[in-house]
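Engineer: The domain 'Acetyl-coenzyme A synthetase N-terminal' annotation in TrEMBL covers 24-81. What TrEMBL lists as domain 'AMP-dependent synthetase/ligase' is 83-467. Per TrEMBL, CoA binding site is recorded for R192, G193, G194, K195, T310, N334, S522, R583. Look at TrEMBL and you will find G386, E387, P388, D410, T411, W412, W413, Q414, T415, D499, R514, R525 tagged as ATP binding site. According to TrEMBL, the feature domain 'AMP-binding enzyme C-terminal' maps to 530-608. If you look up TrEMBL, you'll see V536, H538, V541 marked as Mg(2+) binding site. Annotation comment: TrEMBL describes K608 as N6-acetyllysine.
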Amino acid sequence: MADQDLYPVPAEWAARARVDAAGYDKLYGRSLADPGTFWLEQARRLDWIKRPEIAGDWSFEAHDFHIRWFSDGKLNVSANCLDRHLAKRGDQIALIWEPDDPRAEPRRFTYRELHAEVCRFANVLKAQGVAKGDRVTIYLPMIPEAAFALLACARIGAIHSVVFGGFSPEALAGRIEDCGSKIVVTCDEGRRGGKKVPLKANVDASAAHAPGLATVVVVRSTGGDVTMQPGRDVWYHEAAEGLPATCPPEPMGAEDPLFILYTSGSTGKPKGVLHSSGGYLLWASLTHELAFDYRAGNVWWCAADVGWVTGHTYILYGPLANGATTLMYEGLPNWPDASRIWQVCDRHQVHTVYTAPTALRALMKDGDDFVKATSRASLKLLGTVGEPINPEAWRWYHDVVGEGRCPVIDTWWQTETGGAMIAPMPGATDLKPGSATKPMPGVDLQLVDAEGQVLTGAAEGNLAITRSWPGQMRTVWGDHERFFQTYFSTYPGKYFTGDGCRRDADGYYWITGRVDDVINVSGHRMGTAEVESALVLHPKVAEAAVVGMPHDIKGQGIYAYVTLNAGETASDELRAELVKWVRTEIGPIAAPDKLQFAPGLPKTRSGKIMRRILRKIAEGDVSSLGDTSTLADPAVVDDLVANRVEAG
Ligand code: WTA
């Protein structure tokens, strides 16, 4: 890396931050040298009903596979996020809600008010029969009730499973059924970028495929028309009438589940990633404090959707555990225009904004004037997450948005990791555009080659993690064997991330992207197998293969190859119909950007589709397809190349 690509820690950050460069080395060193003491010390940042005396208790080995943290501790997550702040900062704003429509009024909730709302919500859930350990599916847009609902589950020990509002009724039904939840919390409609999303109608449509669904709690948000099914559907405001605004927090074991969040993998259906109460909250709180040097009084804005892990950890659990003022925004960063995200920063005097590279690339494309039309004087720190950030977008964020004065905190992590794993600390870490820099305390990284050989020094390979950390997922809901197989069987004794990564001579980590069949579309994970399964459900489709392709704004786009059943004819209408089909089956985020009709797919003689070739063609890199002689029918490749859908 050339020296000019190094952005040293600004002097004022080095002076005022909690952790400076020497501090980082010490912290990291200690976390690995004496993890037992280190983690029990860290556990003190939480309020325990019973303080743990055991830290990590885990093994990644097949014969003794288990992961537990603080297993003798007892706590309640919502009490950690609310009750314990009441004495000191009951009147401080906990949650600021910024509406989609810039002319509408924001809403603000103090810790005391948020506590009351969460308790009331918890009482509604209890009145609907929800008990400790039950699964509650939450299908809500970015409205304050989403925060109330998640924390209410945590309060009574119910396990929430949030389904992103952009998922279709079919996808929703699959997630309701998989975790066996009998109740869904939704609202009449969502609102994004001036458009309405028919959430309640989607729940109605999902019910046909979710026979176990017995209760739907409906929050009135837009006031749009909905059909209420007697005996199943209840209005939240009616159910809440007369219920108290206090509710005792349920004492939970540290290892009791807090939530399930479905995420895509290389194969099969989405997996229900399960997180625990104690370890997860500790990780959320610690990483929020370290990576962002969070201080009381700072207004914190994580611009993710609460339907993704980033929203769980950094809109709610981390910041609220730390007594922060957290902002939740209903709308899109570039609506009504590309100034909006920065206008929101000005309106609420945001100190740190945390968003995805895809949003930055889209905003960058609209030009600097939209940024310069705003003040941004309150901004001190800029965060990014979700996909590798290209150095151009990084520099634009740093130079134009932050006017050169705000460190860029690029955080690498996954739904499975619970919170940030590789990230700079603003007072400690010199920055390099495009690198998430260095590991968090306790995170022991390894680069391994395809054969499992450990690579040392400057090297590029697959990223594995050799020890457990408190925020690690505990299992795949209902399928512990799949948990082991997916993450611990590739490199025995290690957690395999699925990401490729380079380590430079300074020990900085550079994530190069997924090395499995997961694609990252606008920072959202999508399994190619899921899109393929959706396509082959169409009566005219015989076979489908899906790969990622480079996309200027989204990072990766979806390129689908489709073989039709004998007798069916390819046409532009059918192409449009198939794209629409996938939108309906999974959701708009899964809609292929390009769809090519392919009379045949490149397969080995044993019938395995050679995705490497399909990826090259999708990328437009047809001159280096490599060896195609092992294909059952090499001629199919010529047809695929000739009929490639040009990038548009
Ligand atoms: C990718 C989102 C590079 C990576 C929190 C990972 C990143 C997947 C970064 C997880 C980053 C996330 N730099 N790549 N800063 N952050 N990724 O589960 O491929 O939605 O495996 O979690 O996103 O996506 P997930």
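The backbone N, Cα and C atoms fix where each Cβ goes, and this holds for glycine too.
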Engineer: If we check Cα distances from K608 (N6-acetyllysine), which of the binding-site residues P388, T415, R514, V536, R583 wins as closest?
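Structural biologist: Checked the binding-site residues P388, T415, R514, V536, R583; minimum Cα distance to K608 (N6-acetyllysine) goes to V536.
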Engineer: Using CB under 6 Å from any atom of ligand 1, narrow the recorded positions W413, V541, R583, K608 to the ones that qualify.
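Structural biologist: Checked recorded positions vs ligand 1; flagged W413.
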Engineer: In whole Å, could you give the widest CA to CA gap in the CoA site formed by R192, G193, G194, K195, T310, N334, S522, R583?
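Structural biologist: In whole numbers, the farthest two Cα atoms are 24 Å apart.
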Engineer: C-alpha of G193 (CoA binding site) to C-alpha of V536 (Mg(2+) binding site): distance in Å?
Structural biologist: 32
Engineer: Between the binding-site residues P388, W413, H538, V541, which lies closest to R583 (CoA binding site), Cα to Cα?
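Structural biologist: Comparing Cα positions, the closest of these binding-site residues turns out to be H538.
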Engineer: Could you give the Cα-Cα distance between R514 (ATP binding site) and S522 (CoA binding site), in whole Å?
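Structural biologist: Cα-Cα distance, R514 (ATP binding site) to S522 (CoA binding site): 14 Å.
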Engineer: According to DSSP, does T411 (ATP binding site) fall in a helix, a strand, or coil?
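Structural biologist: In three-state terms, T411 (ATP binding site) counts as strand.
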Engineer: Going along the chain, which residues six or more apart from G194 (CoA binding site) have their CB under 8 A from its CB?
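Structural biologist: Looking at Cβ-Cβ distances below 8 Å from G194 (CoA binding site), excluding near sequence neighbours, one finds D100, D101, W335, P336.
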Engineer: When DSSP states are grouped into helix, strand and coil, how many residues of the domain 'AMP-binding enzyme C-terminal' (530-608) land in each?
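Structural biologist: Each residue of the domain 'AMP-binding enzyme C-terminal' (530-608) counted once, the result is 24 helix, 27 strand, 28 coil.
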Engineer: Among all protein chains shown, how many Cβ atoms are found within 10 Å of the Cβ of G386 (ATP binding site), not counting that one?
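Structural biologist: Taking every protein chain into account, the count is 23.
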Engineer: Given a separation of at least six residues and a C-beta threshold under 8 Å, show me what packs close to V541 (Mg(2+) binding site) in the same chain.
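Structural biologist: V541 (Mg(2+) binding site) has long-range Cβ partners L535, V562, T563, L564, N565, L578.
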Engineer: May I ask which residues of the same chain, at least 6 positions away in sequence, place their Cβ under 8 angstroms from the Cβ of T310 (CoA binding site)?
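Structural biologist: Once residues fewer than 6 apart are set aside, T310 (CoA binding site) is near C302, A304, Y354, V385, G386.
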Engineer: Take the C-alpha atoms of P388 (ATP binding site) and K195 (CoA binding site) and report the distance between them in angstrom, rounded.
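Structural biologist: Their Cα atoms are separated by 30 Å.
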Engineer: N334 (CoA binding site) to V536 (Mg(2+) binding site): how many Å between their Cα atoms?
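Structural biologist: With distance taken Cα to Cα, V536 (Mg(2+) binding site) is 35 Å from N334 (CoA binding site).
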Engineer: Between the binding-site residues R192, K195, V536, H538, which lies closest to T411 (ATP binding site), Cα to Cα?
Structural biologist: R192
